[in-house]
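A.B. asks: Below you will find the structure I want to go over with you.
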Amino acid sequence: MTADYFHFLNIIGVAFFAISGTLLGHDKDIGGFGVVVVGTVTALGGGTLRDVLLNQPVFWIAQPDYLYATYAAIFVAVIFIRYMPDVSNYYMLLVDAIGMAIFNVVGIEKALIEGTTMIVAITMGMTTGIFGGLMRDVICREVPLVMRDELYSTACFCGGLAYAALFLLGVPYLWCIFGSLFITVFLRLGALHWGWQPNIFRKRTIRK
Amino acid sequence: MTADYFHFLNIIGVAFFAISGTLLGHDKDIGGFGVVVVGTVTALGGGTLRDVLLNQPVFWIAQPDYLYATYAAIFVAVIFIRYMPDVSNYYMLLVDAIGMAIFNVVGIEKALIEGTTMIVAITMGMTTGIFGGLMRDVICREVPLVMRDELYSTACFCGGLAYAALFLLGVPYLWCIFGSLFITVFLRLGALHWGWQPNIFRKRTIRK
Amino acid sequence: MTADYFHFLNIIGVAFFAISGTLLGHDKDIGGFGVVVVGTVTALGGGTLRDVLLNQPVFWIAQPDYLYATYAAIFVAVIFIRYMPDVSNYYMLLVDAIGMAIFNVVGIEKALIEGTTMIVAITMGMTTGIFGGLMRDVICREVPLVMRDELYSTACFCGGLAYAALFLLGVPYLWCIFGSLFITVFLRLGALHWGWQPNIFRKRTIRK
C-alpha cells in the first residue's frame, strides 16, 4: 500500500469512528464537550494503541491532519443531529462497522510494514479495529459491541483472514484491502440485518 | 516554564488526583489496597498516557518522587477520612477540579516543549487532565464525570484555549499558567455551585 | 533470573490469564470471537502495559510464542468448558490468582533488570499483575476484583514486599520468585477460602 492510500484510508476510518462516538454520546444526552471527548477517544483510540504497541510515533501527533479530520467529523455529526434529532442507533452501528473494517486493514498493513509475522499482524488489526469502539462503549457504560451476540470480533477476524489469504496468494495490495473490507462489512451488516449469530464458542447448555 | 515549576506543579497535581481517587475509593467502601490502587491509577494515569503518547520516559519511572508523592497523599487522605468519616462527595469533586486544571496546563506545556502544534498540545492537555479521573470512574463503576451535565471537559478545553490565547499574545509563561488554571477552576467550580450546563452540543428534543 | 526461567514463567502466566478471561467470557455467554478477545486482552493486557511503561518492545510482538500460548490456552479452555458446562466461577478466581502471582514477580524482575528502584519495581509488578484482570472485568461489566472485599491487591503487594525482602537479604533469584509466588497465592486463596478481609483502610463508620 502506498503512503497515500494508507493516509486516505486512515482519514476515512478516523472520520467514521468519530461520527460513531458522537452519535452514541448524543444518544446518552451529554451536553458540552463530553461528546467531543467521546468522539475523539473513539476515533483515535485504536490507532493510538496500535502505534504505541508498534513503538511508532503516534499518528495524530506526527500528522495533525487526523486531529482536524476528527474534529471536523464530530462537528458535522453534531450539526447533522441537531436537524435530525430522531437519528436511530442503527446509523451508529453502520458507521462503526465501516470504521472497524478500515482500521482492521490499516492495522494489519502497518504491522506488516514493521516486519511482524502474520499472526501478530492479524491481532494488531483486531486491536486497531476494536479498541476505539470498546473505549467508547466503556465510557458510555454500554454493553461493549464485542460482548453482544451479533458477529463483531468474528467479522473483524474473518476480514483479517481474508487479507492474509489474498496476501499469501500474491494478489495486489489494493485487492487485498478491498477483499478484507468487503468480508468484514458483509459479515457485520449481514449479522445486523439477518441476526446471524456465531455459536462456535458458546456453552452447551442443553445436553441429553 | 522552568523545570522546577514544572516539577512542582506536577507534584501538586499528582497529590490532588491521588486524594480524589482515595476519596472515591473510600466512598465505595473498598477495604485494603484497592483504595491505594484506585488512588495511584487516578494520580498517574493521565500523565502516564501523556508520556507514552509523546514517546517520553514515563515521569514516575524516571523520577520516583512522583510515586512517593502519590503514596504520601493517599496515606494522608486515608488518615484524614478515618477521623472525618462523613466527608462528602463534594470534596472529591473539588480536589478533582484542581488536579484537572493543573494536569491540563502541565500536559500542554510538555507537548509544546516536544515541539507539537498548538491543537495537538490542547488535545494532550485534555488527555492528561481527564484520563486519570476517567479511569478512576470506570474502575469504581461511576458515571464518568466527562458524561455528566456540569461543565467538565468544557472547562478543561476553555483552560486550554486561555493558555493558547495568552501564549500567542506573548504573555510570560507563569501568567499563561495562572490564567489557564484560573479559567478551568472558575468554570468547573461555577458549574458545580450554580449548575451551569453547556447546551451547545445537545440534541434539540423539542422542535415546534 | 535467567532468560529461560523468565520466558517459562511468562508463558505460564499468560496461559493462566487467558483461561481466566475465557472462563469469564463464557460465563457472560458471549458467542463467537468475543470470548477470544476477552481472553487475549486478559492474557496480554498487564504485560503490554508493563513493556510500554518501561519503553521496551512489547513482549508478544517481539516473541509471537506468547500469542500462540494465549490462543492455545483459550482453545483448550473452550473445549474444556464445552464438555464441563457447569464449571463454577471459583475456577476463574483460582486461575486468576496464580496468573496474578506470576505476573507480579515477572513485572518486578523486568523492572529491576531495566534498572528501576525497588519502589518502582513493586508498583510495576502490581501493574502487570492487576491490569489484565481489571480490563477483563471492565469489558465484562463485572465489579473489578480490585474493588471487592477479599485480599487481592493486598496479596499482590505483600508478594512484592516478600520479593523485595528476600532480594535485599541476598537470597538467590529462584527463591525470591518462589517466596513471592507462595505469599501471593497463599494470601489470595486464604482470603477466598476463609473470607479474610483487610480493614486497614476502611472507613470507621461506627464511632462511639
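Cβ from N, Cα, C; glycine included.
TrEMBL lists C:6-25, C:32-54, C:66-83, C:90-113, C:119-139, C:151-171, C:177-196 with the feature transmembrane segment. Among the features that TrEMBL reports, domain 'Glycine transporter' is placed at C:8-80, C:94-166.
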A.B. asks: Under an 8 Å Cβ to Cβ limit, what residues of the same chain, 6 or more beyond the ends of the transmembrane segment (C:66-83), are close to it?
C.D. replies: 10-11, 14-16, 18-19, 21-23, 26, 35-36, 39-40, 43-44, 47, 59-60
A.B. asks: Across the domain 'Glycine transporter' (C:8-80), what are the DSSP residue counts per state (helix, strand, coil)?
C.D. replies: 60 helix, 0 strand, 13 coil
A.B. asks: Take the C-beta pairs under 8 A between the transmembrane segment (C:177-196) and each of C:6-25, C:32-54, C:90-113, C:119-139, C:151-171. Which stretch has the highest count?
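C.D. replies: Against the transmembrane segment (C:177-196), the leading stretch is C:151-171.
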A.B. asks: For the domain 'Glycine transporter' (C:8-80), report the average pLDDT of the model, please.
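C.D. replies: Mean model confidence (pLDDT) across the domain 'Glycine transporter' (C:8-80) is 89.
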